[in-house]
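Here's the structure we're looking at; comments come further down.
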Amino acid sequence: MTTVIFVLGGPGAGKGTQCSKLVSEYGFTHLSAGDLLRAEQSRPGSQFGELIDNYIREGKIVPMEVTIKLLENAMAETSAKKGEGSKSVFLIDGFPRKMDQALKFEETVCPARFVLFYDCPEEEMERRLLERGKTSGRADDNEESIRKRFRTFIETSMPVVDYYEKDGRLIKIYAARPPDVVYADTEAQLKKWLGDDFEKKAN
């Protein structure tokens with residue numbers, strides 16, 4: 001039994017922090033589209049490495065077929081490790097970034113159970129990212145890059161959020177609060193939506 005949850009939110013909304021807590025407490029599998037692409041890029045003998053390289057260098061979005069294939073492979077790998085008939089809950093983070101990616105994934109892999117959307121005001125996200133930029137060494141944690149990433153998120157990813165909201169498959173969490181408050185809210189919502197599928201993992 002596979003459950004897919006798309007995790008969306010602007011840059012700096014705190015998606016990663018929330019996902020890693022859910023993974024450690026509930027045994028969910030966190031898949032980051034960006035991490036998978038970066039790993040594939042540097043994997044020796046990769047069939048997609050060079051292609052991904054070229055797209056990232058040009059600052060273009062990697063073709064969705066490639067990203068979906070990598071997500072699908074990672075899901076299959078996890079399910080195989082867990083063994084036949086086991087339950088897997090996947091948190092897919094930073095994907096889908098665009099409407100066509102969402103539709104393609106649901107058509108070729110499986111429908112998402114719902115979208116977990118971390119809603120955070122722009123000025124709060126900017127404050128967090130500039131703070132993180134002091135220590136992260138990430139090239140895109142500077143003011144100009146941050147603004148560009150906000151624009152991109154609003155133009156391409158918000159239609160995805162709206163689509164799932166209209167479809168009755170959206171959990172919206174207000175993310176400008178302290179991380180533990182946001183997490184408690186996330187837990188309460190997931191309990192409501194997942195019922196018996198939402199249980200802490202045995203230590």
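Every residue gets a Cβ built from N, Cα and C, even glycine.
Where the annotation comes from TrEMBL, it is an automatic prediction and has not been curated.
Residues annotated as ATP binding site in TrEMBL: G12, A13, G14, K15, G16, T17, R132, R177. In sequence order, P179 constitute the residues six or more apart from T17 (ATP binding site) in its chain with CB-CB distances below 8 Å. According to DSSP, T17 (ATP binding site) is assigned to a helical segment.
Residues or ranges marked as ribonucleoside 5'-phosphate binding site by TrEMBL: R38, K60, I61, V62, G94, F95, P96, R97, Q101, R138, R149. Sequence-distant contacts of I61 (ribonucleoside 5'-phosphate binding site), defined by Cβ-Cβ distance under 8 angstroms and a gap of at least six in the same chain, are Y55, R97, K98. Annotation note: I61 (ribonucleoside 5'-phosphate binding site) sits in a coil segment as assigned by DSSP.
With a threshold of 8 Å between CB atoms, the same-chain residues lying at least 6 positions outside the region 'NMPbind' (32-62) that come near it are 16, 69-71, 74, 92-95, 97-98. Annotated region 'NMPbind' per TrEMBL: 32-62, in sequence order.
Annotation comment: TrEMBL describes 131-141 as region 'LID'.
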Select the most exposed residue of G14, G16, G94, P96, where exposure means the fewest other Cβ atoms within 10 Å, treating these as the binding-site residues.
G16
Can you name the binding-site residues among R38, G94, R149 whose CA is within 10 A of the CA of K15 (ATP binding site)?
G94
Compute the C-alpha separation of G14 (ATP binding site) from G94 (ribonucleoside 5'-phosphate binding site), stating it in Å without decimals.
11
Whole-number mean of pLDDT values that fall within the region 'NMPbind' (32-62):
86
